[in-house]
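Peer 1: When I checked Swiss-Prot for this same protein, it listed these features:
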type	residues	note
BINDING	C59, C61, C74, C77	Zn(2+) 1 binding site
BINDING	D449, D451, D453	Mg(2+) binding site
BINDING	C794, C868, C875, C878	Zn(2+) 2 binding site
Amino acid sequence: MDLFNFDAIKISLASPEKIREWSRGEVKKPETINYRTLKPEKDGLFCEKIFGPTKDWECHCGKYKKVKYKGVVCDKCGVEVTKSKVRRERMGHIELAAPVSHIWYFKGVPSRMGLILDMTPRNLEKVLYFAAYVVIDPGDVPNLEKKQILSEKEYRELKEKYGDRFRAGMGAEAIKELLKEIDLDKLSQELRQELETATGQKKLKIIKRLEVVEAFRKSGNRPEWMILDVIPVIPPELRPMVQLDGGRFATSDLNDLYRRVINRNNRLKKLMELGAPDIIIRNEKRMLQEAVDALIDNGRRGRPVTGPGNRPLKSLSDMLKGKQGRFRQNLLGKRVDYSGRSVIVVGPELKIYQCGLPKEMALELFKPFVMKKLVEKGICNNIKNAKKAVERQRSEVWDILEEVIKDHPVLLNRAPTLHRLGIQAFEPVLVEGRAIRLHPLVCTAYNADFDGDQMAVHVPLSAEAQAEARFLMLSANNLLKPADGKPIVVPTQDMVLGIYYLTLEKKGDKGEGKIFSSEDEALLAYEHKVVGLHARIKVRRTIEKDGEVVSGIVETTPGKIILNQVIPQDLGFVDRSKKENLLKYEIDTLVDKKMLGKIIDRCIKVYGTTRTAEILDEIKELGFRFSTRGAITISVSDMVIPEVKQKLIAEAEQKVENIEKLYRHGLISDEERYEQVISIWNETKDKLTEELIQNLDEFNPIFMMASSGARGSKNQISQLAGMRGLMANPSGKTIEMPIKSNFREGLNVIEFFISTHGARKGLADTALRTADSGYLTRRLVDVAQDIIVREEDCGTEKGIEVSEIRDGTEVIETLEERIIGRYAAKDIINEKTGEVIVKRNELITEEIAKKIVDAGEKSVYVRSVLECKTRYGVCTKCYGLDLGTGQPVNVGEAVGIIAAQAIGEPGTQLTMRTFHTGGIAGQDITQGLPRVEELFEARKPKGVAIISEIEGYVSIKEDKKRTITVRNDNGEERTYEVPYGARLKVNDGDYVKAGDELTEGSINPHDLLRIKGPRGVQSYLLAEVQKVYKMQGVDINDKHIEIIIRQMMKKVKIEDPGDTELLPGDIVEIYRFEEENDRAIAEGKRPALGRRVLLGITKAALSTESFLSAASFQETTRVLTDAAIKGKVDPLIGLKENVIIGKLIPAGTGMAKYRNIIVEEKA
């Protein structure tokens, strides 16, 4: 059997026979290694006879050494001569003198053992830990029932009275006997019959029991296997014991736990042989049970067993759990070879697809390639010499390194990798020094700066890996952001400043009004300082169009000529179809950061990535050159404080004094006074800021930096030279005493103190936000990871209706934004002219979207992942364009992960705060990151709004309690009580639809699902998530949020199972539900009934089909317990499962359809 080629993995309970079958021998002694010889003790926990030799090809006693004895079993010490790495895979076992229960199945919630036996966990615990007897066979004793619990005293009395006419026992043995007697088929039938008549709590209990019984019945696991007779001992290399420098030993906690089990087991054996009194044996059995519990899951019951220093020992369960557990530490994230890290510095001389790699680092990373080349070229005659040459860094080595590195891309990664642009490929250029050089334009994608950031380098080894790195990951091919499809490689800071400076105009600059015969002449004049860079001049331009030469005079500045030389002249900013525009410069305005973004966006659309990458590098050169030439820098004298400042402040103080007077005379309330004072100071600050900005010269460096978008903002300028204004106290309430000074003048002590509140809050908030945002991303990835584009078209007829998203009157997302890059689900026809704008299943491009909006369409029916029929994924047509490339999405793209990253990456920018709505009674509305979490976890929101369950007219009654009644024409009516302080959203006599809000607040999505069905809740969640991100100015395409919502809504809760295999109350995937029903209908049986449920992302991630993915996410023990009882099979469909078992992920080039391509030579 090929160990790496399998399609599924199954987990189930191990029977005692199975455990003995795995084992190579019984561990009988608690000894580990001999303290004198340091060799493992025979029959101990590290025994070589059981687990294999500690040294390669060498038995314990030393009779057989060397490879030639391979496979020989030594007649003296019984050790097989083989490789020592078998100690990583050979297992042993311990035969227990008395059976013990497995704590996972007894203690988990709900207790599986308790459910199948119909005993309460408390009674079960009493029996298992020898505190009470359980009746196994009541015989003919009156009033005695099977499974009845007897105390010591009751048992003794009955024993005296009836002798051997009944049987009762305690401990795991008694439970094992009870479990053995269970007939699963019969029990299942009985429970199903009871279910038909049961109601309420009883019904729920029966359903729970039935679930466990069915799990055992279908999986072929026997209930008595939950009780252990034999305990497996894991291979010694997985619980190593190593010698420290001081001659002491460090050992894994597991060895301590195993030793306790063996000690107690041996003692119990001895006591039984001696025929010790029952009470002593009972105590020993209890201790054995507790030792095994601690080994499997320490601390689950009672106090954990502690090691030195009162530290709880790590049990087998702890080895799997949490961030440091096997799953997350070693299986999902491994450290890899051929990697290095170093500090990054800026490399402005690089091309966009290059990075500077320090020589010594490159030599170490490419060592095997260099060695191979050295031998190939005959510089060294064997690999050993080549290795030496490389290690001594001989001079020839460097030339070879240059050769090897050519055309071999490397990957650069900066942690935290929040989206896929956190790892990109570059062609390395060897540099001196020990720092990695990074191109300034890719810093945005990495969120990198040069204040000491470090980055990691990885080398793709195989030819396929190199090809993928070059074509898919090269930085020049990743100019767009996958979250919204906008360019992410846009010049920033100095470059923006340089270009802004370059395109400024200055009235009366040197040489203004001169006329030049050509661009070259004008630039020559500028170089010789005859004209200034910003002077308005005239230039003759000559252009060849359709074979004829057009020439004419254009008004411009030398700076704009320089900029337009690097920018293509047909980007569509100027309408060239008009004769008078033929000679105009493409970019004839002041260029700030926004404009640069537009230019690059157009470049990508018109010219594609390769040409754009070249243009970007040229813009970068210009930007740096002219920000240097312009020598733009900040000094204290640049902060000009407006003269009117004192006057404005005096006026404000007078107004505040008047308001205080009104308050003292009792004409206004304290609250009104406070609000008016605050609004006065805010107005004053704004007025001052306006004055300040008007006052600054347009060549003032601070003004240039802010208005070009290079650095800083209006608000910051106002703090430097205006006034700092109002500050908030730690609880978030505004302090009414403003800070009247600015930083140029300096703050006084009280002002400084007030401003520290906000500063500290900001830092604390940022730290909290980073952690919360990371956890949100992790949950999103986990819920969406198995969504991969699996086919071109799923063939569904359905789509969703989209219209603009509004919040009150404000448009949050326009219709155009929502439909670009999607496929139409119906023909879209212009109502006025009757022409078909776009056919069904055709892509809606920007032009088409504009046409649709111009035709006055208010809503459009488009394909969406929410209605996609593809199982385990989505199809190209429902997904639409891949925003990272601007092309239709490829089959194999892991769109689920991309969606999770798109939503999670801006998480750190969202605020944490809860806004207080005005008034005391108004409830807080959650916003920012907590609101996103609340939506994705489908929680009942804080400050829940009352929604109408029917449509009709509203009547509002105000008696002791406010009530709202909704009536419709069919005579239906519903009445809702309005809690004190809630603000109404409707007026008397208004008409409302089902699902409309009656009071302010957030809607509970579960209610919405009940009232308006799946579509209603989907659009609500989408709009609400978009609102939060748009408030922070973050653009995320709808399709990403839709993918997450799709995952939250893919389950059905069974209400009535009909004649199917399903159980009532089960939550199953829609596909499975439909399959079962189709089967039932085909066989003429009654299909099941169910309703769609909305699961929060954590719950949805845990209820996935794959137990490996769920176990590596959260609640590891619970997931595995459940999976083992059900005998679950993991079909290895998602990404995580495959990463865990070390296969290629089934996405991208790892998909089966790509893996099966074979290249054949043509004859």
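Using N, Cα and C of the backbone, Cβ positions are placed for all residues, glycine too.
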Peer 1: Out of C59, C74, which of these binding-site residues shows the lowest number of other CB atoms within 10 Å of its CB?
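Peer 2: Across C59, C74, these binding-site residues, the one with fewest Cβ atoms within 10 Å is C74.
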Peer 1: Take the C-alpha atoms of C59 (Zn(2+) 1 binding site) and D453 (Mg(2+) binding site) and report the distance between them in angstrom, rounded.
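Peer 2: Per the Cα atoms, C59 (Zn(2+) 1 binding site) and D453 (Mg(2+) binding site) stand 52 Å apart.
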Peer 1: Any idea what DSSP makes of C875 (Zn(2+) 2 binding site), helix, strand or coil?
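Peer 2: For C875 (Zn(2+) 2 binding site) - judged by DSSP and reduced to three states - the answer is strand.
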Peer 1: Within 10 Å of the Cβ of C77 (Zn(2+) 1 binding site), how many other Cβ atoms can you find? Include all protein chains, please.
Peer 2: 16
Peer 1: Just going by other Cβ atoms within 10 Å, which of the binding-site residues D449, D451, D453 has the emptiest spot?
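Peer 2: Selected from the binding-site residues D449, D451, D453 on minimum Cβ neighbours within 10 Å: D451.
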Peer 1: At the Cα level, what's the spacing in Å between D453 (Mg(2+) binding site) and C868 (Zn(2+) 2 binding site), rounded?
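Peer 2: Their Cα atoms are separated by 43 Å.
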Peer 1: List the other residues in this chain whose Cβ sits within 8 Å of the Cβ centroid of the Mg(2+) site residues D449, D451, D453, in sequence order.
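Peer 2: Near the Mg(2+) site, beyond D449, D451, D453, sit I344, A448, F450, G452.
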Peer 1: Quick one: pull the CA-CA distance for C868 (Zn(2+) 2 binding site) versus C74 (Zn(2+) 1 binding site), whole Å only.
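Peer 2: Each residue's Cα considered, C868 (Zn(2+) 2 binding site) and C74 (Zn(2+) 1 binding site) end up 64 Å apart.
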Peer 1: Quick check on the binding-site residues: of C61, C868, C875, whose CB has the lowest count of neighbouring CB atoms inside 10 Å?
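Peer 2: Minimum Cβ neighbour count within 10 Å, taken over the binding-site residues C61, C868, C875, occurs at C61.
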Peer 1: Using a Cβ cut-off under 8 Å and a sequence separation of 6 or more, which residues in the same chain sit near C878 (Zn(2+) 2 binding site)?
Peer 2: C794, T796, Y823, R863, S864, V865, E867, C868, T870
Peer 1: Beyond the listed site residues C794, C868, C875, C878, identify every same-chain residue whose Cβ lies within 8 Å of the center of their Cβ atoms for the Zn(2+) 2 site.
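Peer 2: In sequence order, the nearby non-listed residues are E791, D793, T796, R863, V865, E867, K869, T870, V874, T876, K877, Y879.
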Peer 1: For the recorded Zn(2+) 1 site, whose residues are C59, C61, C74, C77, find every other residue on that chain with a C-beta no more than 8 angstroms from the centre of their C-beta atoms, and list them by sequence position.
Peer 2: E48, H60, G62, K63, Y64, D75, K76, G78, V79
